[in-house]
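A short write-up of the structure that comes next.
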Amino acid sequence: MSNPKFKYAPISVFLFPFYNLACGILLCTDGDDSLYPIAVLIDELRNEDVQLRLNSIKKLSTIALALGVERTRTELLPFLTDTIYDEDEVLLALAEQLGNFTMLVGGPEYVHCLLPPLESLATVEETVVRDKAVESLRKISQEHSPVDLEVHFEPLVKRLASGDWFTSRTSACGLFSVCYPRVSSTVKAEIRQHFRTLCSDDTPMVRRAAASKLGEFAKVLELDYVKSDIISLFTALASDEQDSVRLLAVEACVSIATLLPQEDLETLVMPTLRQAAEDKSWRVRYMVADKFSELQKAVGPEITKNDLVPAFQNLLKDCEAEVRAAAANKVKEFCENLPEDSRETIIMTHILPCVKELVSDTNQHVKSALASVIMGLSTILGKDNTVEHLLPLFLAQLKDECPEVRLNIISNLDCVNEVIGIRQLSQSLLPAIVELAEDAKWRVRLAIIEYMPLLAGQLGVEFFDEKLNTLCMAWLIDHVYAIREAATCNLMKLVEKFGAEWAQNTIVPKVLGMANDPNYLHRMTTLFCINSLSEACGQEITTKQMLPVVLKMSNDQVANVRFNVAKSLQKIGPVLDSSALQTEVKPVLEKLATDTDMDVKYFAQEAISGEFSSINVLTE
Amino acid sequence: MAGVASGNDFQWCFSQVKGAIDEDVAEADIISTVEFNHSGELLATGDKGGRVVIFQHEEECKNRLQLRGEYNVYSTFQSHEPEFDYLKSLEIEEKINKIRWLPQQNSAHFLLSTNDKTIKLWKISERDKRAEGYNLKDENGRLRDPFRITSLRVPVLMPMDLMVEASPRRVFANAHTYHINSISVNSDHETYLSADDLRINLWHLEITDRSFNIVDIKPANMEELTEVITAAECHPNQCNVFVYSSSKGTIRLCDMRAAALCDRHTKFFEEPEDPSSRSFFSEIISSISDVKFSHSGRYMMTRDYLSVKVWDLNMENRPVETYQVHEYLRSKLCSLYENDCIFDKFECCWNGSDSAIMTGSYNNFFRMFDRNTRKDITLEASRESSKPRATLKPRKVSTGGKRKKDEISVDSLDFNKKILHTAWHPKENVIAVAATNNLYIFQDKIN
C-alpha cells in the first residue's frame, strides 16, 4: 500500500470498453508494465470488499484475454468453479459472464470447459443465481457441436437431474428443452425419462420447476410424445397435492393446447382445464382467471363457446374476491376474442348479467378491476347497446364510494368517447370529478389532476372553462406541495392543448393575481407556474405580462420568494428577448446578488453566470 | 423401569450437558428455544442474548464407549441484537423466540430465527478451501514492485481447516405490531407463516418486502379483546392447512384454499369445560402454550398449563388423549399465580414415530408419555446424574399426605428451575432438554 494512487490509476483504463481487445494485442507484443492492471484485477477477485470483487468479476473477459485461452481453461476456470462461496451479486455476475465466454476459452471447440463452473453455480440456493446459470448454460448449449452436446452437455444435464439436492434438480428442468432437439433418439428417450422422473419428484420445488418448464419442453417434443408422455405428466401435475404445483400446470395448459390438433383438445386437455377452473384452491382458480385470454386463444372458438363461457361466468361469480378481480380484469379481452358470429349474443346473454353484478360487488378491488376494463366493452357492443346497457353501469361506477373505481372509469373515458361521445356522460362525470378533486386523500387528488389534460381534450374548451377551470385553479392553492406542483404542470399541458390565447385570457390573469397573495407559498406558486408556462405562452406574453410580476416580486420580504425569483429569471431567460434581459433582468439579478440572504445571493449569482455568460457573447 | 417410546423397553441415560456450571446464571445465557433439524444431525439452540448455537452430531469415537456419537458445537453466531423502536419508544429484546430449520436444499443448512419483531433467514455453510497466490504480494505478504511483474498468477485453491460460516440471507422485518410467538415453514417449501398475539402473516421465503396477513383477530376496539393467538403451525404435508391456538384453550384449523383471508376457520377444536373443576384460574390454565402436528399429520398436540392433549384432526369436540403433566399443582395455583409461574409457556414435542410425547415441568423435571401403553415417566435434568451413560432415575412427586422414600414433596419443588423447551430427535431416541442455561442431551440405553 506504499503507493495507493498508482495502484488504482491504471484501473480507470478499463473503463474504455474497447480496451479489452487492445490489451490482448498489447500483451503479446509490449513490455511487462501492461500486466500490472491485469494483476490488480486478478488479485481483486479475492478482495475483502465485495464491490471490488464484483468489479473484477465484471472484467473477467479482460482477465481471460490477458491469460490467453489455454490458461483460462486450465487455471482460471478451475479457480472459478470452486469460488461459489461468494456473495449472491458476485455469483450472479459470474454466471452471466460465463454465458459470453465461448471465444475466451478458444471457441466452440472448447466451450464445454465452461460447464463445470456453471454446473456448480446451478446448484446454489439463491434462485436468481441459479436461474442466471441456467440461462447461460442454455446459451452456450447452442455453441456445442452435436457431438459435444452428447459427450459433455447431456451428461451434465443428467448429473443435475439426478443430483442429491433439489437445487440441482430444479436447474435441470430448464435444460432439457435446449438439448432435446439436437441429440440422438436414444438420448432423447433418456431425456424424456429424466423429465418424467422430475415431474414426480419428492420435493414440491422440483415439481414446480418441472411444471413451469412443461410447456416449453412439450414444444420441442414430437407430437406423438406430446400425446403419450406430456399429457399424462400434465394431468398428474394438475392434480398434484400441492396448490403451488397445480397452479403452474395451468400455465403449461396454454402451451400444450396450442400444440395439439383441435380434435384432440377435448379428450386430452379439457378435462384437466375444467377441473382447474373448479379447483378447491382459490389460487388455482385465480391462475385460470389470470391466464384466461391465453387459454381462450389456445383452445379456439368452439371450445370457448361451449366450455369457457360458462367457466368464465363462474369465475366472475367466484366466492373469493381475488379470483373475481382477476376475472373482472379479463372481461374486455375475453369479449374481444369471442368468435365474431356469436360475440354479441354471448356478451349480452351470458357476460353482461355477471358484469352487472360485479358493479355492486362487496369488494372494492373487484370493482376497480372491472372499472379499469368495462369502458372497453362499448367499442365491442356499439352505440345502441352502450347507451342502453353499459351507460347505466358507467354512471353507477362514477358514483361508487371507492375513489379508485371512479378514477379508473375516468381514466378510460376515451373508449366511450369514440362510441357515444362524452356528452352522454358529462352529467354524472362532473360531480364525480369534483368529488375526486376534493377528496381528502391527496394521492387521489393527484391522480385526478393527471387526467385533467386528457379530459380537457375530450370535453372541449367550452365545457372546460365552464366547469373545470375553477378546479384547476383551486389546486394551485392546495395545502399539499405535491398537488400544487402537479397543478402547475397541469396548467402547462392545458396551455399546450388550448393555445396561448386561451392562456392569456383565462389562466395568466389568475396566476399573476396570486403574486399578491398574503401567503408566501401561494406567491411562490405564481413563480412555479410562470416557470412552466413561459415556454408554452411564448415571448410576447412572457415579456409583457409575466416578467413585470416576477421583477416586482424580487422585493418580496420572504427570502424563499426572492431566491425563487432568481431561479425563475434564469428559467424564463431563454424565452425573453435580449434587450429585456439586459435592461430589466440583469439589474434585478445584480441587486439580488447583493442580498443579505445567502441563498438568494447564491441563486442570483447562479442565474447571472448561467444566463449572461452566453448572452454576453451575443451582445458584445 | 421401562423407558417410554417405541415399544422397546429401554432406559434413558445421560449423554451430554452444555453450558456453564456456575450457580448464578447470566440472563443472556438462558436458553429460549431448542430445535433439531430434519435429519437430526444438527441441533440448534437460541438464547435470551440473541445467540444461536448449533451442535453437530459426530460419529462414534473409537476409544470411548458411546452408544451414539456426541453433539459438538458446530457454529455459534449472534442472530439478533437488542434494538430500540424510536417511534414507539419500545425496547426490542434480542431474545430468540423460535428457530425453525428449512428442509435441506444443498450442502448448506438454512434456518429461520426470530425475536419479537424480526425474522431472519440464516445460511450455515462449510468452507474447506482457500485461495492462495497473489500477483502484487509475495508469500510473506510483501508488496512486489509493480514494474517487475513478468507473469500473471491465477490463484489456486488449497485445502484448509474446515470453517463453518453463518451468514444472514434475508431479513423479514416490519410486519408484526405485536410479539412474534411462532414461525412455521410450509410443506410447499416456499412459504412460511409467522404469528404474533393478534395476527398471522404468510411470507414467501425469497421475498422480504411483503407478506400477506391471513389471520387478524384484532377487534376494532381493543377493549373488546378477549383472546390472543398463542401459537401457530403449518400442517406437515398438506400445504393449505394450518392451525392456531388461543389463550382461551381453543384451536382453529384454517384452509388456505378456501379464501385468501383465513378469518373464518374450517375446524374449531374445543373441549367442553368440566363445570365441577371450574375456578378463578380456569381460564388462565386452559390457555394453550404450544401446538404441534404429529409427523404423520393425523394428530395435533396442545399443551396447556396442567396437561397435554392429543387431538385427532377429524374430531373437534374433544381430545382423543389427555395426559396430566403435573396435576399436583392444581392445589398450588394461587401461589403460582402470585409468582407469575402460572403464565409460563411450556412447549411439547413428539418423538419421531409419534408414539410418545414429551413436555417440561418444574424443578427441572420433564415428562414423557407413551401413547400406546399409556405409561408415563418423570425424569430430571440435573448435574448430579450427569455422569457418562448414567441411567436416569424416574422421579416421583408425592401427592398424598405421606411421602414415600425417593419421593419429593410438592412444597419442596423449585419453581425457578423450569423446563420449557425440549426437542426430540426426528429418528432416534435422543432428546435435548433446556434447563435454564444448560442443554442436556439424553439418549436410550437398550437393555
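Each residue, glycine too, has its Cβ placed from N, Cα and C.
In TrEMBL, annotation is done automatically, which means it is predicted and not curated.
Among the features that TrEMBL reports, domain 'Phosphatase 2A Regulatory Subunit A helical' is placed at A:114-295. What TrEMBL lists as repeat 'HEAT' is A:37-75, A:114-152, A:191-229, A:230-268, A:269-307, A:308-345, A:351-389, A:390-428, A:429-467, A:507-545, A:546-584.
Residues 398-399, 403, 406-407, 409-411, 413-414, 417, 422, 474-475, 478, 480, 482-483, 486-487, 490, 493-494, 496-498, 502, 506 of the same chain lie 6+ residues outside the repeat 'HEAT' (A:429-467) yet bring a C-beta within less than 8 angstroms of a C-beta in it. Across the repeat 'HEAT' (A:507-545), DSSP classifies residues as 35 helix, 0 strand, 4 coil. Long-range neighbours of the repeat 'HEAT' (A:230-268) within the same chain, counting only residues 6 or more positions beyond its ends whose Cβ lies under 8 Å from a Cβ of the stretch, are 195-196, 199-200, 204, 207-208, 210-212, 214-219, 221, 223, 275-276, 279, 281, 283-284, 286-288, 291, 294-295, 298-300, 302-303. Note on the repeat 'HEAT' (A:546-584): mean pLDDT across this stretch is 88.
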